[in-house]
């Protein structure tokens, strides 16, 4: 069984509506309840920033820093894991811009935010993701890449490198440049990183599909059939990566006039999509009811949590924002049971603590009240 990694203490300074907060946390289920706008999701956002990226809201750091503060913010977490305790801190100082985020691990400055993935993996579900299957493909790619990152820590940097190269190519296209050497250099980098991204996505989908197949087909959360739509993802499953890179590089070179007319790059992993079907109903997820879509999404995340534990040797930390609002009583009880079985730390939020009543005695209940957090009465 994977070793549990959990946050035992979380400290926030000038973060969102928290001027200063320090809370001790239990290793299993943690329930944050309180009124809308009290700051429950802010706590989940803080935890989500203990991994690379902009967190579950994808907000600019200027928005994350507390209004009325000095413009900076700091987060600190004490982790208890298989290798003992680890201290992780991140934030920005006063006057630092969007690129000024710093990470410290056990007091030492980390090389990059990716170093945090050595110590914890975090995956989240938020109400904004309820429209994942009916919304734009970009949202599904972002969700997929977050799942990949949890088992392949290098994926985030590859995605950043690809995006940077593509922005450079798009600038050349819109500027009307005909400098073949510049194009060739950028397109070579796009081919290398783009194929690596596609291969990582394809591998994640293969592994996750196999994990879903291992689970009972009569469970509370319907099994999903998942696949990828994209030329590169299809090719890397059947051809050597070096051959796919060369094909993609030639396609980029041959498509310059087309892309110049469009003003952007029209081929690559940034155009791919994650396809999901409700297996029992043999129906595309986007055609399912809202409740069925939510159940499918929860099932995928729980299967991914199992996969992450097996692949990394540590249980992921789950952030489940307003998770109980759209699940019936049976599925809520099933979710809580599965979380216990996974032995992972799971942070859940809701306006009504009663929705989590079946967890009484088995979870830590905390009430959030506009900048303060304390034990929930009668919990």
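Indices start at 1 and increase along the chain as displayed.
Cβ from N, Cα, C; glycine included.
Listed features, source Swiss-Prot:
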BINDING   34, 35, 36, 37, 38, 39, 40, 41  ATP binding site
Secondary-structure category, per DSSP, in which residue 39 (ATP binding site) falls: coil
34, 35, 36, 37, 38, 39, 40, 41 excluded, remaining Cβ within 8 Å of their centroid (ATP): 42, 349, 351, 368, 370
Binding-site residues (36, 41), the one with most neighbouring Cβ atoms at 10 Å: 41
Of 34, 37, 39 (the binding-site residues), the residue whose Cβ has the fewest other Cβ atoms within 10 Å: 37
Neighbouring C-beta atoms (10 Å sphere around the C-beta of residue 40 (ATP binding site)): 25
Under 8 Å by Cβ from residue 38 (ATP binding site), same chain, sequence gap 6 or more: 368, 369, 370
